Amino acid sequence: MVLIRVLANLLILQLSYAQKSSELVVGGDECNINEHRSLVVFFNSSGFLCGGTSINQEWVLTAAHCDSKNFQMLFGVHSKKILNEDEQTRDPKEKFICPNRKKDDERDKDIMLIRLDSPVSNSEHIAPLSLPSSPPSVGSVCRIMGWGTISPTKVTYPDVPHCANINILDHAVCRAAYPTLLAESSTVCAGTQQEGKDTCGGDSGGPLICNGQIQGIVSWRAHPCGQGLKPGVYTKVFDYTDWIQSIISGNTDVTCPP
């Protein structure tokens with residue numbers, strides 16, 4: 001009953017809450033109920049915050065700019081209107097952000113690793129996503145997903161998570177769209193030449209999935225979302241795999257790549 005009340009409150013608040021720094025999927029369709037088993041919902045007493053990705057039963061990846069006080073994480077949700085019996089709620093036990101992250105730049109090293117207060121149980125609607133074994137290839141078709149708004153011009157939250165296919169873009173294309181990006185950057189850009197398919201308000205922290213692996217974390221983009229010449233920018237997870245694995249193994253003093 002407690003979980004049901006928490007979920008009900010979350011979903012009611014989610015309808016009216018707009019997070020300025022979050023991103024959301026536009027131009028997509030309802031995700032298949034079994035394709036987002038790793039997708040995590042972040043919320044607090046004010047409402048919906050961000051998305052995240054389960055990478056094993058005890059650890060979750062999200063964006064560093066999604067950090068907030070007193071948030072919880074919800075696993076196994078598909079519909080606001082229909083409860084899954086295997087939905088689970090967890091609190092963060094430990095949060096890890098790159099110690100060498102620029103504090104005055106929320107786009108820098110935009111990754112956070114969270115240890116849960118207790119492991120989640122894998123189930124029909126809950127399962128982790130693999131870390132990348134190699135960097136993403138330009139042109140690869142990848143999947144974005146999230147609970148964010150489905151309209152680039154007004155806040156319109158769906159009852160179910162939406163998914164869309166987009167492509168990994170060459171970093172030169174990204175730098176042409178965003179000249180402030182460094183030539184060597186631990187980010188990856190993804191989008192389509194046509195306007196419409198993109199992350200938008202509400203999707204920050206969620207995954208960019210390529211070949212069944214998490215290659216990116218939704219970080220930032222131009223506004224309004226869905227502009228073909230302004231692709232979404234994602235934290236490049238492959239560049240942080242050593243940092244992630246070191247922390248999980250107990251070496252919490254490790255720093256992130258420059």
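Cβ atoms are placed via backbone N, Cα and C, with glycine included.
Keep in mind that this is a model prediction, so the values were computed, not measured.
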Exercise. Which one is it, Cys174, Cys210, that Swiss-Prot ties to Cys189 with a disulfide?
Worked result: Cys174
Exercise. Between Cys50, Cys66, Cys98, which residue forms the disulfide that Swiss-Prot gives for Cys256?
Worked result: Cys98
For this session: List, in sequence order, those recorded positions among Cys31, Cys98, Asp110, Cys142, Ser204 whose Cα sits within 10 Å of the Cα of Cys66 (disulfide bond).
Result: Asp110, Ser204
Seminar exercise, completed: Cβ neighbour count within 10 Å, max among the disulfide-bonded residues Cys50, Cys66, Cys98, Cys174, Cys210, goes to Cys50
Problem set entry | Inter-residue C-alpha distance, Cys98 (disulfide bond) and Asp110 (active site, charge relay system) (nearest angstrom) | 8
Seminar exercise, completed: Among the recorded positions listed as His65, Asp110, Cys142, Cys174, Cys256, the Cα nearest the Cα of Cys163 (disulfide bond) belongs to Cys142
For this session: Could you measure between Cys142 (disulfide bond) and Cys31 (disulfide bond) for me? Cα positions, answer in whole angstrom.
Result: 14
